[in-house]
């Protein structure tokens, strides 16, 4: 009986990264077709800006946006940067720097507003609304306050406070066990201490992030999804974890620097790295 129970406990696999692979493949195919037509002197059939680098950024942004229903902020960033420099390509008198920095400020402001709405609130323990009364018979508070009139109100406030606290307990655990990093023109360093780590998301735009998981633990397969544009990510994992990188890298690098160990890996500790890296580097270490 114990053997059958053990075999039935198959961990639920995280979602695969087929969309990212399809995105990269479609972009490379389109780029190759346009480049082939241009080399065969058939480029006159298309405008010059169609073969430009800003158009590649726009295509990547559109594909990522369509796959994620434009929920990923990376699509908006790529479309904005590509569109600004494409206007420079079409209209030669257009100065992209007059629009680039205000556009970046607007995008960052919108992103900060939306991010604050999604961050789970960390609850605070309810105050003790019914403190024990001192046994001193000369307690002036007991002689003044009518306990009969306040009992019902105190019980009602206490029940409301306890209900609010238990309702946000899941949010507290979610914020404690979930990783969320957004590094825009900056650096971020995190040491994860959770013993029930659930994965998370990393976004680097001209920034870098360092994630230390040496003191963390996982009880199921987890996923860390990342997007970076001109950034770098370093993830330090325990030596016995099984790490499967599946990051789509465009003009970037995924560097696995883990040191070989003598003891075997623990198959129950699986970490999947997914996402997209444009002109960025993802480094994996175990020490």
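Cβ atoms here come from the backbone N, Cα and C positions, even for glycine.
Check TrEMBL against the ranges 74-91, 128-145 and you find transmembrane segment recorded for 74-91. In TrEMBL, the transmembrane segment annotation falls on 97-114 of the listed ranges 97-114, 151-168. As annotated in TrEMBL, transmembrane segment covers the listed stretch 20-37 rather than the other ranges in 20-37, 182-199.
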